[in-house]
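Quick look at what Swiss-Prot lists:
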type     : residues                                       : note
ACT_SITE : Cys121                                         : active site, cysteine persulfide intermediate
BINDING  : Phe260, Cys261, Lys262, Pro263, Gly264, Arg265 : Mo-bis(molybdopterin guanine dinucleotide) binding site
Amino acid sequence: MKKTQQKEIENVTNITGVRQIELWRRDDLQHPRLDEVAEEVPVALVYNGISHVVMMASPKDLEYFALGFSLSEGIIESPRDIFGMDVVPSCNGLEVQIELSSRRFMGLKERRRALAGRTGCGVCGVEQLNDIGKPVQPLPFTQTFDLNKLDDALRHLNDFQPVGQLTSCTHAAAWMLPSGELVGGHEDVGRHVALDKLLGRRSQEGESWQQGAVLVSSRASYEMVQKSAMCGVEILFAVSAATTLAVEVAERCNLTLVGFCKPGRATVYTHPQRLSN
């Protein structure tokens, strides 16, 4: 295929994070067709000129990702600790250049780690097993949630995945009100990145983590639990299962963890006292 033709194919869709490419179906290997594929790019988070981490992510809402990652990793305590942020292209991907306060940057340098880039991986590159896991203050018990309201939210979670609807290749994370209404959500090829985008956006907008819960389309790994708890989320619903370490972390930090969420079904792993039906 000529380069000009390939360029035209790539520009067919106007949805950020999607490209059309030429491919072949099993039942017709002689005739290529066009189909949508989710973009995945290396994204480097650069704090005060020093690259801290490279993650594979969808190339949209990266400011929210950077803010959410900074909060959920304990690099900052609030959005006020970031003085400026720019997303710029680099030779192999994108950079989010973040200007931290001096105090926060000094703290980052003291415990800096290098992460290897894998899709949404929250463990890659830690130097010792003891470095896995961060101290999280036990969460308060300030709210309850009616599980009967979960079904409607599950039916609308896909509304926050325009790329996923075209490609079947993204995860979603959304904020769910006690009524079951989803009032904000993000998608990404990496489940941790999708969650960071949600955490970053709500924090930037000054929204409270009270009176609601996080709903994710993926499994619940320990990183998902820890990121949620670091930002003050008390209840985490996951469409798929939870891991043993996720359950242990949730139990320890008082987070209510619910998996296998389907209409009419849910498995409560920890702290059911926040739930009713």
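The count begins at 1 with the first shown residue.
Every residue gets a Cβ built from N, Cα and C, even glycine.
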Simplified DSSP label at Gly264 (Mo-bis(molybdopterin guanine dinucleotide) binding site) comes out coil
Note: in the chain of Cys261 (Mo-bis(molybdopterin guanine dinucleotide) binding site), residues six or more apart in sequence with C-beta under 8 angstroms of its C-beta are Leu150, Leu154, Leu215, Phe237, Ala238, Val239
Note: in the chain of Lys262 (Mo-bis(molybdopterin guanine dinucleotide) binding site), residues six or more apart in sequence with C-beta under 8 angstroms of its C-beta are Leu154, Val239
So Phe260 (Mo-bis(molybdopterin guanine dinucleotide) binding site), by the Cβ count within 10 Å over all chains shown, scores 17
